[in-house]
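Reviewing the structure listed below.
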Amino acid sequence: MNETIVNYQLSIINYQFTCQLLPVRTLLKIDSQLNKTELRRSLLRKRQSMTVQDWQKKSDRISSQLQSSPLFTQATTILAYFSFRQEPDLSPLFTDSQRSWGFPRCVGESLSWHLWQPDDILQTGNYGITEPHPEAPTINPTEVDLILVPSVACDRQGYRLGYGGGYYDRLLSSPIWANIPTIGVVFDFAYFHQLPFDNWDKCLQGVITESQIYIR
């Protein structure tokens, strides 16, 4: 296991032990010292070091896990993502004609969601991420049944480590999006007992990996 990830897990153990001894104000300072940036960098390196075969095999398992989840089977309009930098690839699900699929475009500091079908045009947007065409139909939040959230890491409480841009934090903090079910999508090695989090971080309703699905 990567040394940074091991060190992070050890720091969590020490942090939990210290929680029993120190007042809240001191604990907040300790929590802020847990380095999100270094953990993010380490996990991205680990993810991108996967072989294509391993990445695809584990991605297919995640897709299979999703198909057994009531949150997924009961949803008709789902917001997802196009895999970037070896995020779990959910594209086999996108041909499901029984569902409407939406994907994001980065517009300023916000995400704009658009309907997409397999024959529709795609383009490369900000950060090199594949996006729907700007003229594709937009999606109203009231139509959405489920959001599949790309993540660097997730934990058992539903906290998510993202990419640092705050796009999903802002989205999920908005009242019009806040009550829509969310599932974070990560590989097993990026699923932790506890991640560092800030006051503005929003818990996801569930987390899925290639070996398990956890719904809060």
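Every residue, even glycine, has its Cβ placed from backbone N, Cα and C.
What TrEMBL records for this protein:
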- LYS36, THR37, GLU38, LEU39, ARG40, ARG160, LEU161, GLY162, TYR163, GLY164, GLY165, GLY166, TYR167, TYR168: ATP binding site (BINDING)
- GLU87: substrate binding site (BINDING)
Binding-site residues: GLU38, GLU87 - member with fewest neighbouring CB atoms within 10 Å: GLU38
DSSP-derived structure type at LEU161 (ATP binding site), helix or strand or else coil: strand
Alpha-carbon spacing, GLU87 (substrate binding site) to TYR163 (ATP binding site), which is rounded to whole Å: 12
